[in-house]
């Protein structure tokens with residue numbers, strides 16, 4: 001921009017000026033700092049102006065700065081310097097951690113000028129020699145507060161700081177008034193700047209949530225090295241110094257833990273008493289209830305829509321089914337009508353054929369031929385279809401007697417030939433079925449010699465060695481070879497084929513085999529040798545059990561017998577009487593016989609399995 005002309009002068013351009021060009025300039029160094037400050041303050045000022053403003057503000061602070069000399073300074077014990085208030089010693093009790101280093105140095109200078117031993121000695125005051133003078137307290141105070149690390153350690157245990165946490169009863173009345181000062185007081189320990197405020201009752205959910213998130217993750221710089229009971233510099237050796245360091249670390253960690261528990265208790269108490277949290281929870285609960293209600297209504301509407309769609313589909317299916325049934329009914333009626341028509345037509349043609357043949361006296365000269373031809377005509381009526389009957393009746397209606405006779409005889413021959421083919425096919429089918437049955441009765445060499453005893457033995461072995469038995473079919477074959485009286489040696493393959501054939505048998509045939517097996521069992525167990533008809537019963541059998549129950553043992557009776565054998569061991573007196581009493585319907589003799597059969601069966605089973613196992617080892 002050109003400077004404005006003075007009063008009475010005018011601006012004159014002698015030559016054409018070049019076009020202005022905008023250049024992007026990036027500030028660096030102290031000019032960048034000035035740019036940031038100008039931008040933050042929304043002012044346009046130079047760096048020099050900002051520096052002058054900063055210097056003027058510091059000067060104003062120094063002008064406002066006033067010392068408050070400690071009244072107890074002269075009475076302080078130099079040996080107890082660690083328990084003194086260093087800020088009060090330097091005359092800064094009102095500023096404390098907010099005091100700058102410049103203010104601390106200024107206060108120290110003023111205190112030294114007044115309380116230096118040389119000054120006091122010149123004024124005629126009695127001075128204590130060595131470190132026993134109270135001026136040592138001033139020296140320790142400036143030593144602590146001028147070192148940032150030591151000052152931070154002292155600030156962490158500031159004796160004027162209030163560590164109290166309000167109770168729930170105090171916070172429920174005036175929450176903001178009670179807890180806001182407490183959080184502002186404890187915010188000085190935060191490692192992060194810009195600590196969020198507690199806010200007001202009108203604060204939004206985001207502000208409240210941000211506040212509690214910050215304090216629940218609070219990072220405190222407060223440390224307690226100032227309270228160390230032992231000083232490692234006083235240690236006489238390295239081991240003692242290490243021990244002192246270990247003790248100090250443990251005590252610092254314990255105090256740090258207590259401090260974090262105090263902060264956590266403060267935040268928990270405030271959170272539980274905060275009426276805004278209760279309001280937000282109620283709003284959230286109401287919102288969830290409304291969402292739940294809306295969701296339930298939407299689900300209900302969806303279910304209603306689905307139910308309506310399902311009802312519509314059912315109605316459509318019902319209508320389609322009714323239509324289909326109606327069409328099927330009409331088709332059936334139509335087919336029935338056609339069948340009735342065809343039946344009437346066939347009946348008419350048959351009657352016509354019979355009448356025509358009767359008029360021609362069945363093309364016979366004697367009674368025997370007439371009867372034979374009558375049978376053949378009835379056969380034609382039964383076997384011929386409608387078209388064949390119509391064609392035959394047309395020939396009979398238009399031809400002579402000889403032509404009619406020839407046509408009838410030709411048709412009779414065709415029908416007889418067809419009947420003969422059907423009979424031959426039926427005979428062949430029967431022969432094939434019989435051959436198949438014979439093949440099922442014995443497969444190869446293993447199928448020969450399967451009598452009723454072997455079949456019964458096979459059924460018994462299959463039940464004795466159920467599925468899951470190791471080398472089951474080899475064991476069954478070995479069991480049959482040991483107990484069969486036919487002398488035939490069976491292999492596992494023969495046994496498998498016969499078992500499959502028995503599975504394919506008709507249930508009646510299976511019942512017949514089982515019936516024969518029971519009859520044989522009954523016959524064997526009921527027959528008594530004639531030599532012992534008048535013998536005296538043995539001591540092992542009583543008179544009441546001499547007749548015995550020849551009926552086969554049921555599954556329930558078998559379970560009762562096994563349980564009784566376990567209940568009454570061999571050493572039990574009158575064992576078999578008690579066992580018989582435990583199995584209803586069975587006598588002592590029946591129980592003993594069944595036990596003997598079971599023992600033999602188990603022995604045979606073990607023998608068969610051991611023999612198969614021995615073969616497999618070889």
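Every residue gets a Cβ built from N, Cα and C, even glycine.
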Feature region 'Disordered' in TrEMBL, mapped to one of the ranges 253-281, 282-310, 311-339: 282-310
Residues of the parent chain within Cβ reach of the region 'Disordered' (282-310), under 8 Å, 6 or more residues beyond its termini: none
PLDDT averaged over the residues of the domain 'SANT' (553-603): 86
Chain residues outside the coiled coil (405-439) and at least six past its termini with a C-beta under 8 angstroms from it: 357, 360, 363, 373, 376-377, 379-380, 383-384, 388, 392, 395-396, 399
